[in-house]
């Protein structure tokens with residue numbers, strides 16, 4: 001009886017292990033996974049860049065003061081990012097990752113719904129029947145009394161936006177409960193597009209400082225330590241795009257994922273978006289620098305994947321993406337005689353002039 005029971009238990013354990021074990025990646029599965037990741041990286045940059053042009057025009061027309069990254073902010077960003085990354089690594093070593101991930105999941109759940117709503121509202125508004133009234137709302141929270149008041153929250157939305165938020169909340173709940181890779185990618189996609197649209201680099205110099213600093217940041221934390229890889233594997237939040245390599249074998253229940261961090265999309269993406277706005281400022285009826293750098297990003301991403309499989313080791317994507325995204329436009333601008341114009345270009349030159357005048361007065 002004892003031996004028979006033991007055999008039954010062992011068979012049950014083996015069956016359970018086989019059901020949850022990762023299926024080895026096939027060449028076809030890897031090709032589909034990494035091809036999909038490349039497409040999922042390119043599409044947010046394409047959409048976000050053109051949305052950034054529209055957002056930039058709307059800011060100028062409304063006279064809204066833009067939030068742009070200064071050169072000091074760009075120089076400090078890799079240091080701040082390093083502190084945050086190492087802090088998460090220490091937390092994961094000292095505290096159960098389940099507790100940390102519960103907190104982070106809740107935080108990104110709300111942020112993800114807002115990001116997805118902002119992305120899909122224009123589309124959903126066109127689908128909603130005309131019989132559904134589009135009622136405007138204005139949420140305003142101010143500090144102090146008139147005439148000396150400060151806006152803490154000033155947000156305008158419509159009833160159609162609320163319908164869209166309801167739909168996006170369903171996706172957020174799906175992610176919250178199941179952590180399904182499709183829900184993760186929908187939220188991650190929204191984060192990437194919104195980041196590229198709303199995070200503005202004011203000029204190329206700032207972009208060079210930011211990308212140059214993160215170039216060394218990525219190399220150090222991937223090659224010099226196991227911190228980046230450990231945090232990436234432990235961190236359960238939609239800050240990375242994933243695609244299963246065993247999709248052909250296990251379908252939507254696949255669990256052997258290839259992944260790409262959103263930072264490898266958003267950081268080069270905001271620089272590529274700046275080049276699109278630069279192209280528009282030249283008024284040559286072409287997006288030459290944007291198209292060239294967009295293609296260079298694509299080639300850098302392909303190079304990252306190829307080197308990773310050649311050496312079978314995690315690669316810092318920015319090691320390949322930064323030279324591609326910086327070297328391409330700078331070289332082409334030098335050849336075409338646009339190098340001075342490129343470095344002089346600023347999204348908001350009026351803002352820079354105000355700062356200079358203020359310093360002179362001081």
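From the backbone N, Cα and C atoms, a Cβ is placed for every residue, glycine too.
Automatic, uncurated: that is what TrEMBL annotation is.
If you check TrEMBL, you get these features:
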TRANSMEM  31-53  transmembrane segment
TRANSMEM  74-94  transmembrane segment
TRANSMEM  100-120  transmembrane segment
TRANSMEM  204-223  transmembrane segment
TRANSMEM  257-276  transmembrane segment
TRANSMEM  288-311  transmembrane segment
TRANSMEM  317-335  transmembrane segment
Worksheet item: With the transmembrane segment (317-335) as the reference, which stretch in 31-53, 74-94, 100-120, 204-223, 288-311 has the largest tally of C-beta pairs below 8 Å?
Response: 288-311
Fill in: Dominant neighbour of the transmembrane segment (204-223) in 31-53, 74-94, 100-120, 257-276, 288-311, by Cβ pairs under 8 Å
74-94
Response to the item:
For the transmembrane segment (257-276), the candidate among 31-53, 74-94, 288-311 having the most Cβ pairs under 8 Å is 31-53
